Amino acid sequence: MSALSLLPARRPVPGVFVALTLTLVIGWLVVLVDGGQLFNQSTTVSLLHVAAGLGLVAVGQTLVILGGSLDLSVAYVISLSTLVAAETMNGSDGALMPAIGLALAVSAAVGLLNGLLVTKFRVNAFIATLGVGLLLKGYLDSGYDGPAGTTSPTLVQTLGYQRIGPVPLSFLLLVAVTGAAWFALSRTRFGHHLVAVGGDPEVARLSGVRNDRVLVTAHVLCSLCAGLAGIYLASRLGSGAPRVGTEGLYDLESIAAVVIGGTALAGGRGGVIGTVGGVLLLASIDAIFNQLEVDAFFKQVIRGVIIIAAVAVYARRAMRKAA
Amino acid sequence: MQTVQPRSLPLRLPRVRPGGVLPILAILAVLLVLVAIRQPDFLAPSSLMSFLGRSAPIILLAAGQYFVIVSGEFDLSVGSLVTAQVVVAARLIDGDPARTWPVVLLLLAFGAVVGLVNGLITTRLRVPSFITTLGMFLILVGAVYLWSDGAPKGQLSEEFRRFGRRAVEDVPLLGRVPYALMVLVVLAVAAVLLMRSDFGRTLVAVGDNPRTAELSGVRVWRTRTIAFILSGLAAAVAAILLGGYSGVSFQAGAGLEFGAITAVVLGGVALGGGRGAVVGAMLGALTLELLFALMNFYGVSGALRSTVQGAIILLAVAVSATRSSSR
C-alpha cells in the first residue's frame with residue numbers, strides 16, 4: 001500500500017515543469033519579437049517576488065489539500081498577519097522578533113481553530129475555513145479602513161528588498177520552506193500519515209493513524225505559511241494592509257497553484273515541488289504579460305483558461321493511466 | 001442468471017429526505033421571534049412582502065446551487081455570472097425599452113451556456129468542479145471588465161428594472177406583492193416539482209454515489225451537466241431581479257457564490273452531494289437574509305456582519321454535524 005501511495009506522488013512533478021519551460025521559452029521568444037527582453041534583471045526579480053508571496057501560501061495549502069482538507073481562510077490570515085506584524089513593530093527594529101513571533105502565533109491559532117473545526121466538530125473544510133475567514137473579515141473590516149502600523153526598517157531592507165544577484169531573499173525563504181515541507185512529507189512519519197489520511201481516512205484510521213492530530217497539524221502549518229507570507233508582504237509594503245490577502249486572491253490562486261502542480265484536490269496525491277512549479281508557472285505568465293503590456297483584465301481571462309486547461313491535462317493523463 | 005438478477009431488481013434510487021428541513025425551520029422561527037420583539041412593524045404584510053421580494057435573488061441562487069451541490073459538485077462561478085449578466089444587460093439595453101425582452105432572453109441563454117460549459121468541462125474533461133468554476137469566475141470577471149473598459153456602460157430600461165423593484169400594489173390582505181416574489185414563488189414550486197420528478201431522484205442518486213448511479217444506467221455526466229445549466233439559469237434570473245433592484249455595478253454579484261453555498265449548507269444539504277432538500281436550501285437563504293435584517297435592527301455595524309455570519313454558519317453546521325455523527 002505504501003508503494004502505491006508513494007509512486008504517483010512523484011509522477012506529476014515533471015508535468016508542470018515541462019509546461020513551465022515551454023511557457024518560458026515561448027514567452028521569451030514572443031517578448032523578443034515584441035522587442036523586449038524577458039530575462040532582464042528587473043523582470044526576473046519581480047517574477048521571483050511574486051512567486052515568493054504566492055509560493056509561501058501555496059506550499060502551506062499543499063499540506064492541507066494533501067490531507068484531503070482545504071483552507072479558504074488564508075487570504076484573511078495573510079492580511080491579519082501583516083497588521084499584527086506591522087503594528088507590533090511600529091517602525092522600530094527592537095520589536096522585530098516579538099512582532100514576527102506574535103504574527104506567527106496568531107496565524108497558528110487560526111490554523112488550530114480551522115483544524116479543530118474540521119476534525120473535532122466535523123465541519124466540512126470548505127465551510128469551516130470559509131466561516132473562519134468571515135470571522136476574520138469582520139474583524140478586519142470593522143477595525144481598519146486602510147494601512148496601519150509600520151514595518152521595521154531592518155525587515156524591509158532584508159526580507160523585503162535584499163537580494164543575492166537576481167534572487168531575492170524572500171525567494172530563498174520560499175526555497176527553504178519548500179525544502180522543509182518536502183522533507184516533512186517524504187521523510188517523516190507525519191508526512192506519510194498525512195498522505196494516508198488524504199488518500200483514505202478510514203483506512204488510515206484503521207491502520208493506527210491518528211487522523212485528527214495529523215490534520216490539525218497540517219492546518220496549523222498551513223496557517224503558519226500564510227502568516228509567513230503576511231510578514232513578507234508587510235516587509236514589501238512597509239505597513240500592515242487589511243485587504244492585501246483578498247485583493248491578491250491568495251485563497252483561490254494558492255489552491256489553483258497547488259492543483260496545477262499536480263496535487264489532487266481530493267487529497268492523497270501530490271507534493272510541494274509540483275506546487276512551486278505551479279506558482280512559478282503562474283508568476284511567469286504574469287511576467288510575460290506584463291512585458292507585453294497585455295491588459296490586466298485580459299490577463300485574468302487567460303489565467304482562468306490556463307488553470308482549467310492545466311487540470312484537464314492532468315485529468316486526461318490520469319484517465320489514460322487508469323484505462 | 002447473474003445478468004437477470006440486476007434487471008429484476010427495480011431501480012432503487014434514494015428518496016429526498018425531508019427530515020433535513022426541520023433544523024433550519026427552527027432557526028428561522030427563532031429569528032422571526034427576535035425580529036418580532038425588536039421591530040414588530042417588520043412583520044406587517046407589506047413590509048414582509050417587500051423583504052421576501054428583496055430576498056428572491058439569493059433564494060433563487062441557493063436553489064440553483066442546490067442542484068449542483070446535491071449532485072456532488074460546486075458552482076463558484078455564480079457570483080461573477082450575476083455581475084457579468086447585469087453589466088451586459090445595461091450595455092445592450094442602453095436605456096431602450098424595446099430591447100428589454102430580447103435581452104432578457106439573451107441573458108437566460110447566456111446563463112445556460114455558462115452552465116453548460118461548466119458542466120461539460122467538469123464531467124467530460126474530468127476537471128474538479130471547484131477548479132472549473134473558479135476558472136470560469138476568473139474568466140467572467142476578466143471578460144466583463146475587458147469588455148466594458150473598466151467601468152459599466154449604458155443603463156437598464158425601466159421595463160427591465162420593473163421585475164426587481166416594482167410590485168402589484170393594493171392587494172387585499174398582503175398589501176403589495178413584488179414581481180420578484182411572484183417570480184420566486186413560481187420558480188420555487190417548479191424546483192420542488194423538479195426534485196420530486198425522476199430527474200430529481202436521479203440527481204440525488206448521482207450525488208450520493210455516482211458509481212452506483214452509473215451502473216444502474218444513469219448517464220451521470222448528463223445529469224450533472226443539467227444541474228450546472230439549472231444553476232446558470234438561476235443566476236440569470238437572479239441577475240435580472242438584482243439588476244432591477246440595485247442597479248448596475250461591478251460589485252452586483254460579488255460574494256454571492258459563497259452566500260449561496262452557505263445558504264445551501266445552512267439548509268441541511270450535505271456538501272459532497274446526495275443529501276438534503278431544495279426547500280431546505282431556499283429556507284437557508286431566507287434565514288441568512290433575515291439574519292442580516294435582524295442585525296440591521298440591532299444596529300450591528302455593516303463591517304461586523306461577516307463576523308456574525310461566520311459565527312452562525314460555524315455554529316449551525318457544527319451542531320448539525322455532531323448531532324448526525326452521534327446518531
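In case you wondered, yes, glycine gets a Cβ from its N, Cα and C as well.
As written in TrEMBL, here are the features:
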type	residues	note
TRANSMEM	B:21-39	transmembrane segment
TRANSMEM	B:51-69	transmembrane segment
TRANSMEM	B:99-120	transmembrane segment
TRANSMEM	B:127-147	transmembrane segment
TRANSMEM	B:177-195	transmembrane segment
TRANSMEM	B:226-246	transmembrane segment
TRANSMEM	B:252-271	transmembrane segment
TRANSMEM	B:278-298	transmembrane segment
TRANSMEM	B:304-322	transmembrane segment
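Counting Cβ pairs under 8 Å to the transmembrane segment (B:226-246), the top-ranked stretch among B:21-39, B:51-69, B:127-147, B:278-298 is B:51-69. Counting residues 6+ beyond its ends, the transmembrane segment (B:21-39) has Cβ neighbours under 8 Å at 266-268, 277, 279-280, 283-284, 286-287, 290-291, 293-294, 297-298, 316, 319-320 in the same chain. Residues 23, 27, 262, 265-266, 268, 288, 291-292, 295 of the same chain lie 6+ residues outside the transmembrane segment (B:304-322) yet bring a C-beta within less than 8 angstroms of a C-beta in it. The list of residues near the transmembrane segment (B:278-298) in space but at least 6 beyond its ends in sequence, with Cβ under 8 angstroms from a Cβ of it, reads 16, 18, 20-21, 24-25, 27-28, 31-32, 34-35, 38-39, 42, 51-52, 54-55, 58-59, 61-63, 65-67, 69-70, 188, 191-192, 194-195, 259-260, 262-269, 304-305, 308-309, 312. Within its own chain, the transmembrane segment (B:177-195) is flanked in space by residues 16, 49-50, 52-54, 56-57, 59-60, 63, 66, 162-164, 166-168, 171, 203-204, 234, 237, 241, 244-245, 277-279, 282, which lie at least six positions past its ends and keep a Cβ under 8 Å from the stretch. Residues 75, 77, 81, 84-85, 88-89, 92-93, 129, 132-133, 136, 140, 157, 159-160, 221, 224-237, 239-240 of the same chain lie 6 or more positions beyond the ends of the transmembrane segment (B:99-120) yet place their CB under 8 Å from a CB of it.
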